[in-house]
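I have placed the structure first, in the form of structure tokens, so that the comments after it can refer back to it.
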């Protein structure tokens, strides 16, 4: 956990500012949080029963992202973040539900002085994210709960294929800050719904996003990316294993279905990037 990031944090129990002392974060009311040797810190306010990504899911996602298959998405995200920031480069970028830190690391390359903080409920993901970039820090946090950040701490927030809590994101963003949300389109990975039992993207996802954000944010821009991925059998397995569909899959049956597909299978990547500003 970088000391430059600690100044943006607050205690999840009492909301007092957190300070760094040796390998411990503490607030004035005596709440303490040890920094793990891998560099992340657990800032959960209370235990959660929500399912977080497992070690296997995180490993599959890391392998797929590192392979470059999702590079069109990551590069478009970085470019959109750069354009949204304009002349005022952010000093603090928060990735909410950011997983392994792959996307945050690329965005940080656009802003040479920015500090990055990734929040996720998955400890295996946060552990990886702590070393995703020299200016990235990470913490275990429930993104549905009160976020462990001070009011107006962040200049930019990322939310890529992840849950979001609009009132809390609004609170932690400064006036004039940027929220960048990436959501799947109806045809995203559609070729794998029947072939491999992938969960289907729900109808009217964009409309629900707009309704969810409306009381707290104004959408000021939107871009779409649609491209074709050419995935081998290993990559197909990782696509399934890294997401919620993996909870419902029998590994042997999945392997059998993948083996029946062509050696290189064309799959649609289709997403929307929505740029938002907090409402007064």
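Glycine residues also receive a Cβ, built from the backbone N, Cα and C atoms like all the rest.
Swiss-Prot annotations:
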{"type": "BINDING", "residues": "11, 14, 27, 31", "note": "Zn(2+) binding site"}
{"type": "BINDING", "residues": "70, 100, 101, 188", "note": "S-adenosyl-L-methionine binding site"}
Nearest-integer angstrom distance between the alpha carbons (Cα) of residue 11 (Zn(2+) binding site) and residue 101 (S-adenosyl-L-methionine binding site): 23
Cα distance (Å, whole number) from residue 31 (Zn(2+) binding site) to residue 100 (S-adenosyl-L-methionine binding site): 27
Separation of alpha carbons, residue 27 (Zn(2+) binding site) and residue 101 (S-adenosyl-L-methionine binding site) (Å): 27
Which of 31, 188, all binding-site residues, has a Cβ with the fewest other Cβ atoms inside 10 Å: 31
Neighbour count (Cβ, 10 Å) for residue 70 (S-adenosyl-L-methionine binding site): 19
Other same-chain residues whose Cβ falls within 8 Å of the Cβ centroid of 11, 14, 27, 31, the recorded Zn(2+) site, in sequence order: 10, 12, 13, 15, 16, 18, 26, 28, 29, 30
Under 8 Å by Cβ from residue 14 (Zn(2+) binding site), counting only residues of that chain that are 6 or more apart: 27, 29, 31
Candidates 11, 27, 100, 101: member of the binding-site residues with the richest Cβ shell (10 Å): 100
